[in-house]
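Q: Below are the features I grabbed from Swiss-Prot:
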REPEAT    2-38  repeat 'WD 1'
REPEAT    44-87  repeat 'WD 2'
REPEAT    93-125  repeat 'WD 3'
REPEAT    130-171  repeat 'WD 4'
REPEAT    176-215  repeat 'WD 5'
REPEAT    220-259  repeat 'WD 6'
REPEAT    265-314  repeat 'WD 7'
MOTIF     224-227  motif 'L/FRRG motif'
Amino acid sequence: MNLLPCNPHGNGLLYAGFNQDHGCFACGMENGFRVYNTDPLKEKEKQEFLEGGVGHVEMLFRCNYLALVGGGKKPKYPPNKVMIWDDLKKKTVIEIEFSTEVKAVKLRRDRIVVVLDSMIKVFTFTHNPHQLHVFETCYNPKGLCVLCPNSNNSLLAFPGTHTGHVQLVDLASTEKPPVDIPAHEGVLSCIALNLQGTRIATASEKGTLIRIFDTSSGHLIQELRRGSQAANIYCINFNQDASLICVSSDHGTVHIFAAEDPKRNKQSSLASASFLPKYFSSKWSFSKFQVPSGSPCICAFGTEPNAVIAICADGSYYKFLFNPKGECIRDVYAQFLEMTDDKL
């Protein structure tokens, strides 16, 4: 989540994002970057620069390599460069320069994927990165792109050249035609893959519907309704076995849906009435909670199967627990920016 345009809190937080399995999250700051264990919350790394903001931090699971892009009032690095930071050596070891601003970076053990505003470039993850592929996208200012971290699945998903379409490419066999999914009529605002790379969830800028597709066929599996009013979707994430998804938006609410068992989701008692509009047959979240501050947040499932974590732009950390009935309670609250690495 790039917080640059929407973080009014003055706490120096520019970016927050989870690693591939959501076990850690990283923060880009006006004076460096930080890495935290997600659940339980613990500061793992704090790298401060005397002068220099980091607008994007991408982790590779828990290994010592991170991708950094400069940002903020005084960027540490030019915003058109990707810097690979070796946290053991405490220095950058790879640098890739582009002619335009970098919107996002994705990593897997063998690839560096760089998102520009209308194209995606794929490089080898080597000391001297070699460009392998270039894919055109529609205008993509949010840097939407997801890369499957599974060693047996090299799937890359990104906005297609047509509005609302998602393109799926297998980086291990790019000679195969990509899967093109006409996911929404409007502009995409969020996409997410499950860990296995078999499901993709999408939302448009309208933000009322979440759709889940099979990645091999492109077929729609489920359509879920977040709400009736438009919303800016900040984050969608699957749990470990892809049976649940959580969704955060600018309404200050985190919704939890059943992705595999639609009967768990709520539905109107009028759902079976064929003469009523499609809205009445919608599947709604079976559980939701309000982030008390209403601050922009990203969300993911915790170490317990019934736990959801919210990381907020105001520096708040929330852990909520939900039961099979959908009831939610707040279990943990903390201010993660005020922690030090010797505190829990």
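Note that Cβ sites are derived from N, Cα and C of the backbone, with glycine treated the same way.
Worth saying up front: this structure is predicted, and the values here are computed from it rather than measured.
Can you tell me where each of these features sits in the structure?
A: Looking at the repeat 'WD 1' (2-38) alone, the prediction's average pLDDT is 87.
Among residues of the same chain six or more beyond the repeat 'WD 2' (44-87), those with a C-beta under 8 A of the stretch's C-beta atoms are 2, 4, 12, 14-15, 17, 19-21, 23-24, 26-37, 93-102, 104-109, 112, 114, 149, 340-341.
Helix, strand and coil content of the repeat 'WD 3' (93-125), in residues and according to DSSP, is 0 helix, 21 strand, 12 coil.
With helix defined as DSSP H, G or I and strand as E or B, the repeat 'WD 4' (130-171) counts 0 helix, 19 strand, 23 coil.
For the repeat 'WD 5' (176-215), the list of distant contacts is 20-21, 138, 142, 144-150, 153, 155, 157-160, 162-170, 221-238, 240, 242, 245, 247, 249, 257, 259: same-chain residues at least six beyond its ends, Cβ to Cβ under 8 Å.
Note on the repeat 'WD 6' (220-259): residues 1, 18, 21-22, 189-196, 198-199, 201-203, 205-214, 265, 279, 282-291, 293-301, 305, 308, 310, 320, 322, 326 of its chain, located 6 or more positions outside it, place their CB under 8 angstroms from a CB of the stretch.
Per DSSP, the motif 'L/FRRG motif' (224-227) is made up of 0 helix, 2 strand, 2 coil.
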Q: Within the repeat 'WD 5' (176-215), count helix residues (DSSP H, G, I), strand residues (E, B) and coil residues, in that order.
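A: Split by secondary structure, the repeat 'WD 5' (176-215) comes out as 0 helix, 22 strand, 18 coil.
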Q: Over the span of the repeat 'WD 2' (44-87), count residues by DSSP class, listing helix, strand and coil in order.
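A: Once the DSSP states are binned, the repeat 'WD 2' (44-87) shows 0 helix, 25 strand, 19 coil.
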